[in-house]
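K.L.:
Structure below; questions to follow.
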Amino acid sequence: MQLSFPALFTVSPRTEKDSSPNPHFKKPRRRFLRTLFCCFSRNSNSKSTKSSLSNQDGSSSPVSPGTPRYLLDAIRQQDIHKKCMVIDLDETLVHSSFKPISNADFVVPVEIDGTVHQVYVLKRPYVDEFLKRMGELYECVLFTASLAKYADPVADLLDRWGVFRARLFRESCDFHSGNYVKDLNKLGRDLKKIIIVDNSPASYIFHPDNAVPVASWFDDMTDSELLDLIPFFEKLSKVDNIYSVLCNSNHPFHTPNYANNAQSHNNIQVNNHATVMAGS
């Protein structure tokens, strides 16, 4: 039977290289994934009742029709000398599913057409340590292509320290060539002081030189990518211009280099998994 939930949150296509021996997860069927996550349309933007900007305290800043404005309010005094870090949610910090997960960290109720459905959310390893440290170093902004009705309560549970100065949802994205793109020009910050951390290259297609890509995460509890990134971001927070580092092809998270390294890492994981299965 084909279920017909709306695309509340976004996931990256899961391929063989994402295989994991974790018994709590099974590879979703393509039809199920397509129904849940891939039925994107411009119409989903117009149905949202959320403002493009949701502040940390839950208040929203209304946008007057026809009045150009930035997505973020003026920078706070305590963040005046910090760079801005834009952080994605799904497959970057958490993985969510409508299918029950026995070891879920959160279960978020979401109302769909008058019926409440449970969304099971699993936190990526070291996400707490990552968020706490990034909040000390950067002006952190959650920017997700997911709908606010799902992402906002997840952020409430995930961010216990008030790290996110603002939360931006799908309606703040640009719909471009079939993808929801996060236009960093609309933030109201100096581009040479903005970093975007995201698992989806389509999200930062307008600003690839501002990106520090991460591998899509689903269920690998041995993953340490967020922890491994902390020393790099500690150093990056001290430079005057992020392009001096992120546009340097020698740095380990330069987009082409990272893509190659991630592919090699995934291939090793698949080969190791295949070896284990063959010997069982």
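Backbone N, Cα and C atoms are what each Cβ position is placed from, and that goes for glycine too.
Please treat TrEMBL annotations as automatic predictions, because they have not gone through curation.
Remember, predicted model here, so these are calculated numbers, not experimental data.
According to TrEMBL, the protein has these features:
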- Asp88: active site, 4-aspartylphosphate intermediate (ACT_SITE)
- Asp90: active site, proton donor (ACT_SITE)
- 44-55: compositional bias 'Low complexity' (COMPBIAS)
- 78-236: domain 'FCP1 homology' (DOMAIN)
- 44-66: region 'Disordered' (REGION)
- Thr144: site 'Transition state stabilizer' (SITE)
- Lys182: site 'Transition state stabilizer' (SITE)
K.L.:
Give me the count of other Cβ atoms within 10 A of the Cβ belonging to Lys182 (site 'Transition state stabilizer').
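P.N.:
I get 28 for this one.
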K.L.:
If you count CB neighbours within 10 Å, which one among the active-site residues Asp88, Asp90 has the smallest count?
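P.N.:
Ranked by other Cβ atoms within 10 Å, the active-site residues Asp88, Asp90 bottom out at Asp88.
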K.L.:
If you skip the near sequence neighbours and keep only those at least six away, which residues in the chain come within under 8 angstroms of Thr144 (site 'Transition state stabilizer'), Cβ to Cβ?
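P.N.:
The answer is Phe9, Thr10, Asp88, Leu89, Asp90, Ala151, Arg167, Leu168, Phe169, Arg170.
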